[in-house]
Amino acid sequence: MEYLVIKCGGSVIDEVPASFYQELCDIRASGKYMPIIVHGGGKLITSLLDQLKIPTVFVEGLRVTTDEMLDVIEMALSGYMNKSITRRILQAGGQAVGVSGIDGWLLEAQQADVNLGFVGNVKSVNDTWLKQLCDLNYIPVVSPLGMDESWQRYNINADTAAAAIAGKLKCPLVLMSDIPGIYEEINGEKQTIPTLTTVELDVLIDNGSITGGMIPKVNAVKDALNKDVKEVVIMDGRQKNGLTLYCNEEVIGTKLYIKEELLHV
Ligand SMILES: Nc1ncnc2c1ncn2[C@@H]1O[C@H](COP(=O)(O)OP(=O)(O)O)[C@@H](O)[C@H]1O
Ligand SMILES: CC(=O)N[C@@H](CCC(=O)OP(=O)(O)O)C(=O)O
């Protein structure tokens, strides 16, 4: 059975159809995939920081993170978001365990860039017990925090965390967001692109078609594909039966891959 990493963005988690959790349980029960959920929660973090009058600054889709913000981020992601997703999977009849990337040192992190403060990149993924959880029939639900060898916590973008886990497991990755896929503006209209190679993706990055939260997403996609992940799909988490359609190999969202011949140069 193959692993399948599914990342649910904070933009969409409150809007996924109720059937999403049932679909997850069905996919696990069908034996086709062992799903692993990685979730975001950027919207919730921003709203909590606003209430605390702590200003939010994003640089290329990444939240500049101070020490005082880490507590809020950890509470939002590993507290509220992680437990509510875990609870909903249990409610749908599945087995789920909610963990943070810090638990069991699942995500060893390192500082991404001093100018971003405590934003982390993933240095290594300790996948042993993640696989054990899957073998025990649990669906792991992972919040994107990590820790370095000095026990410093880091805020990791959820797309980055999901890509690192998929890269380690060499399994497909589904990124669920609030858009039907990657779009390009043609004659003032946004048109979703069904398939993209990494070379075509670079063109869209260079011509400014990719902005905001899509930047860490496409960087994560490229990272996963470079680690032998066969394909990554960016799709609309609000679409009814979206996950089932994906598992049945229907055309959905934007499918990204490395062009075969580039693998051999
Ligand atoms: N070319 C593009 N195609 C699709 N979405 C894009 C593009 N450029 C920027 N975006 C923005 O990226 C957003 C998704 O990123 P983000 O808000 O961080 O979502 P999530 O919370 O799911 O990670 C979309 O809502 C859209 O506004
Ligand atoms: C470094 C960084 O930007 N971390 C993200 C973590 C949450 C996240 O990625 O949530 P979404 O998937 O909903 O965007 C943040 O602070 O918003």
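Every residue, even glycine, has its Cβ placed from backbone N, Cα and C.
Predicted automatically and left uncurated, TrEMBL annotations should be read as such.
Keep in mind that what you see is a predicted model, and the values were worked out from it rather than measured.
Here TrEMBL has Gly41, Gly42, Arg63 binding substrate, and the candidate from Asn155, Asn187, Asn207, Asn219 in that same listed site is Asn155. Around Gly41 (substrate binding site), taking its Cβ as the centre, 26 other Cβ atoms fall within 10 Å, counting all chains. Shown are the recorded positions Lys7, Arg63, Lys217; of these, the residue with the fewest other Cβ atoms within 10 Å is Arg63. A Cα-Cα distance of 13 Å separates Lys7 (site 'Transition state stabilizer') from Gly42 (substrate binding site). Annotated substrate site Gly41, Gly42, Arg63, Asn155; additional same-chain residues within 8 Å of its Cβ mean position, judged by their own Cβ, are Gly10, Gly40, Ile45, Thr46, Ile73, Ala76, Leu77, Pro144, Asn157, Ala158. The secondary structure of Gly41 (substrate binding site), as reduced to three states from DSSP, is coil rather than helix or strand.
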